[in-house]
Amino acid sequence: MNGTEGPNFYIPMSNITGVVRSPFEYPQYYLAEPWAYTILAAYMFTLILLGFPVNFLTLYVTIEHKKLRTPLNYILLNLAVANLFMVFGGFTTTVYTSMHGYFVFGETGCNLEGYFATLGGEISLWSLVVLAIERWVVVCKPMSNFRFGENHAIMGLAFTWIMANSCAMPPLFGWSRYIPEGMQCSCGVDYYTLKPEVNNESFVIYMFIVHFSVPLTIISFCYGRLVCTVKEAAAQQQESETTQRAEREVTRMVVIMVIAFLVCWVPYASVAWYIFTHQGSTFGPVFMTVPSFFAKSSAIYNPLIYICLNSQFRNCMITTLFCGKNPFQEEEGASTTASKTEASSVSSVSPA
């Protein structure tokens, strides 16, 4: 074995020299230089400085403005809540542990940090699944008399939390486990060992099939059909120009969210799967650390995409920040008509 396995950790370094120590008790500076841990702490602190305000603002603005409380926005709010879970449950602890060079909060802290990080990522993924299905229903009209309303949005929210917890909770109750990963300053699911005592192999396979491959397949199907339908509608001019423009705006926003999610999480998932399927292979701590911490940046991009691409939300946000006034009203005015149409039409379907 090219690593050292303990009762509750796995370190990607052989202990032939005797320098390997528990990541819960000793600084791990034999894995990387102290300055690397300082950079890690600074990076995570930056994510907190950006992630908390932008996600909190998303929640506050939506609650403040009644016209933003549409079924579609319920799911987008769910993304903001998931991101705040990651910020408070994962980022803050990682800043502190990186400054010390090891996971100072012990096994219990590792379980909590791993749970919140996994929960936030899974809520985001399943929220994107619900958004993809919503876009498919609204634009492709597979059920001509179906109307996507508040009750469907609430059921979608419940679904995302149930699925996310079905992935994040088992390691807390003996099916797999959370352990320090990479440079040993943050925790995640154990991809490094088979650990038959906790049936680790079966959980990792379950996680990759049910909580990664299945949602990506659903998203791919929905947007594959979506692209075809949008092209056909544009060619036949079945909808009014204003409605088409509003639907395109929302669809583009959701598609970009999905692409950004894949850019952030696919490298992490790919590296994790490689490590799991190549047990005993040699890899350095940075090999897992870089994609892991790159994936954490996902807590920032969704609200930024929403703010940049949704003109109605952007106008409400500016109004909130400037105490009821919008100094950029003339610039925002050009898209007001499309925004109003979007609020009333993108989450409903009239008979085909």
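Every residue, even glycine, has its Cβ placed from backbone N, Cα and C.
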Pick from Cys110, Cys264, Cys308, Cys316: the cysteine that Swiss-Prot pairs with Cys187 in a disulfide bond. Cys110
Membrane side check (same topological domain name in Swiss-Prot): Asn15 and Thr319? no
Of the residue ranges 233-252, 333-352, which one carries the region 'Disordered' annotation in Swiss-Prot? 333-352
Where the distance is taken from Cα to Cα, which of the recorded positions Asn2, Asn200, Lys296 turns out closest to Cys323 (S-palmitoyl cysteine)? Lys296
Rounded Cα-Cα span from Asn15 (N-linked glycosylation site) to Lys296 (N6-(retinylidene)lysine), Å: 30
How long is the line from the C-alpha of Asn15 (N-linked glycosylation site) to the C-alpha of Asn2 (N-linked glycosylation site), rounded to the nearest angstrom? 9
Whole-Å Cα distance, Asn200 (N-linked glycosylation site) to Asn2 (N-linked glycosylation site), is 19
